[in-house]
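Student: Annotations per TrEMBL:
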- THR145, GLY160, SER163: phosphoenolpyruvate binding site (BINDING)
- 46-137: domain 'MobA-like NTP transferase' (DOMAIN)
Amino acid sequence: MRWSLVVPAKRLGAAKTRLAPLTGGGHGSGHGDGHGLHAELVLALLADTVAAGRACPAVADVLVVTDDERAAAVVRALGARTVPDEPDRGLNPALAHGARASGSAAVAALSSDLPALRPGELAAALGAAAAVPRGFVADAAATGTTLLTAVGVALDPRFGRGSAAAHAASGALALTGDWPGLRRDVDTPADLREAAGLGLGPATAALLPRLPRPAA
Ligand SMILES: Nc1nc2c(ncn2[C@@H]2O[C@H](COP(=O)(O)OP(=O)(O)OP(=O)(O)O)[C@@H](O)[C@H]2O)c(=O)[nH]1
Ligand SMILES: C=C(OP(=O)(O)O)C(=O)O
């Protein structure tokens with residue numbers, strides 16, 4: 001079975017506010033304005049996630065839901081398709097829109113902040129997901145979700161705080177395996193240090209030495 005991956009990306013300057021301390025946070029950091037180091041860091045996390053997805057043999061195509069032109073250009077250069085961020089009602093409606101736009105019967109929503117993701121572990125998780133109508137992979141903290149899958153049924157995404165429990169309550173099966181890069185989402189500076197310990201993708205690795213506050 002080959003999958004369509006749907007990856008959400010809100011505007012770079014508005015995303016990942018909890019990482020602002022790493023990029024200086026204030027004036028000149030680019031946090032909030034879509035430029036500068038903050039946007040570059042958010043973009044690097046997205047680029048490494050998309051590149052790993054594209055390199056996964058179980059993935060037929062990657063669809064990024066975004067209105068950010070810079071993010072769209074970067075992921076297209078990596079071989080992803082892009083669709084506008086519709087209906088502009090937040091993360092879950094954007095993912096449902098992307099899932100429908102993919103036109104695929106096997107759809108997986110993937111977090112956009114997985115810089116240590118390996119194509120092989122994604123393939124293993126998607127292999128497990130092929131056996132169930134809906135499945136999910138919890139993040140390293142076991143409270144959030146990094147992957148939500150659907151085969152022949154609606155994706156019905158419930159990302160957000162406590163999403164692992166919400167996905168389980170909606171009938172999705174928790175998929176478990178030794179997939180450290182797939183689980184290691186990066187919301188905080190400490191998360192980025194842990195991702196660095198697993199091994200970062202090239203975009204995030206290249207950015208790390210440029211951060212004013214060392215992350216790793
Ligand atoms: N396309 C799209 N993506 C979204 C939207 N809202 C959130 N996302 C993406 O979903 C992921 C989780 O977003 P949030 O939980 O809002 O916050 P965050 O950007 O991770 O970070 P914090 O500001 O630090 O909480 C990020 O990859 C966002 O880019 C949306 O309305 N549209
Ligand atoms: C949206 C989620 O995560 P975060 O906000 O941490 O990126 C989630 O885990 O469902």
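Just so you know, glycine gets a Cβ as well, placed from its N, Cα and C.
Help me picture where these features are in the structure shown.
Tutor: Annotation note: THR145 (phosphoenolpyruvate binding site) sits in a strand segment as assigned by DSSP. Residue density at THR145 (phosphoenolpyruvate binding site): 27 other Cβ atoms are found within 10 A of its Cβ, drawing on all protein chains shown.
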Student: Need the DSSP three-state call for SER163 (phosphoenolpyruvate binding site) to compare against my parser.
Tutor: helix
Student: For the binding-site residues listed here (GLY160, SER163), tell me which residue's CB has the most neighbouring CB atoms inside 10 Å.
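Tutor: Highest number of other Cβ atoms within 10 Å: SER163.
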Student: Using an 8 Å cut-off from the Cβ centroid of THR145, GLY160, SER163, can you name the remaining same-chain residues around the phosphoenolpyruvate site, in sequence order?
Tutor: GLY144, PRO157, ARG158, PHE159, ARG161, GLY162, ALA164, ALA166, HIS167
Student: Can you break down the domain 'MobA-like NTP transferase' (46-137) into helix, strand and coil residue counts using DSSP?
Tutor: 41 helix, 20 strand, 31 coil
